Amino acid sequence: MAAAQDLQMEDMEEEMEEEKKMREDGESKDPFKNKKVHRIVSNWMLPEHARRTYLERANCLPPPLFIISISLAELAVFIYYAVWKPQKQWITLDMGILESPFIYDPKKREEAWRFISYMLVHAGVQHILGNLIMQLVLGIPLEMVHKGLRVGLVYLAGVIAGSLASSIFDPLKYLVGASGGVYALMGGYFMNVLVNFREMIPAFGIVRLLIIIAIIASDVGFALYRRFFVPANGSPVSFAAHIAGGFAGMSIGYTVFSCFDKTLLKDPRFWISIAAYLACILFAVLFNIFLSPAN
């Protein structure tokens, strides 16, 4: 009797092992269930206490459509102006871009869509490559974890904050590029890194952070060049969107990305950051209507 029970137990264990192997094989064949990829993403994007929850429900359905779509749109607009409206040089602005209906133009602030659409237009190859690399490298993992609605909220918050800040602190200058949205993603991510540094960044990750910082320094340097050292026949472009986007990310972005395993609308920090953000927007709108030197 005992021997029969032992045989039955061995058969059950063999069946369980076969099922486990088949499940693991299926996960390796299905790119949407590759736990190794999700484990790497969770190590970089989430503190330790949230990783288990993420891995239990991890999938790529829907895929990171927001970041991919916005990147393709920015690339398409850049190619349009670079190919169909050739520039004298691709490294700085030329009049073909300055006449774009998408660019933020301080003389045309009544065209409200420009406060958002300026993110589609870039000043040159270095400008668009820097933004695309950063938002794809950082945005795709963020969207895998937090999904497109939350990532889109942070990105667009940075874009709007960037144009409104530029209209206040650099009211007579043009504005182009998606740096406001990119810096919002980076601001939210880095605030989470600072709060959970030992959990989120392994030792070798410091090198990766230094590479990201180098890219940021290069992008900011290029923005300062466009603002203060543009050729005499060009037009200076504001860099305020970088700073404002970063602050938007460090407030709204930090709250959104730190609520992975919580209901965002029930977090009082979210409503506090939204209230502060809306107050800043209201001030910027009133400034543009009544006080702006561009009037």
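Cβ atoms here come from the backbone N, Cα and C positions, even for glycine.
In TrEMBL this protein carries:
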ACT_SITE  Ser179  active site, nucleophile
ACT_SITE  His242  active site
COMPBIAS  18-30  compositional bias 'Basic and acidic residues'
REGION    1-30  region 'Disordered'
TRANSMEM  61-83  transmembrane segment
TRANSMEM  115-140  transmembrane segment
TRANSMEM  152-169  transmembrane segment
TRANSMEM  175-194  transmembrane segment
TRANSMEM  206-225  transmembrane segment
TRANSMEM  237-257  transmembrane segment
TRANSMEM  269-291  transmembrane segment
Using Cβ distances below 8 Å and needing 3 or more such pairs, separated by at least 6 in sequence, tell me whether the transmembrane segment (115-140) contacts the transmembrane segment (175-194). yes
Going along the chain, which residues at least six beyond the ends of the transmembrane segment (237-257) come within the CB cut-off of under 8 Å? 45, 93, 123, 142, 146, 150, 153-154, 157-159, 161-166, 168-170, 173-177, 179-192, 195, 219-220, 223-224, 226-227, 230, 264, 267, 269-270, 273-274, 276-277
Between the Cα atoms of Ser179 (active site, nucleophile) and the residue listed as 'active site', find the distance and write it as a whole number of Å. 6
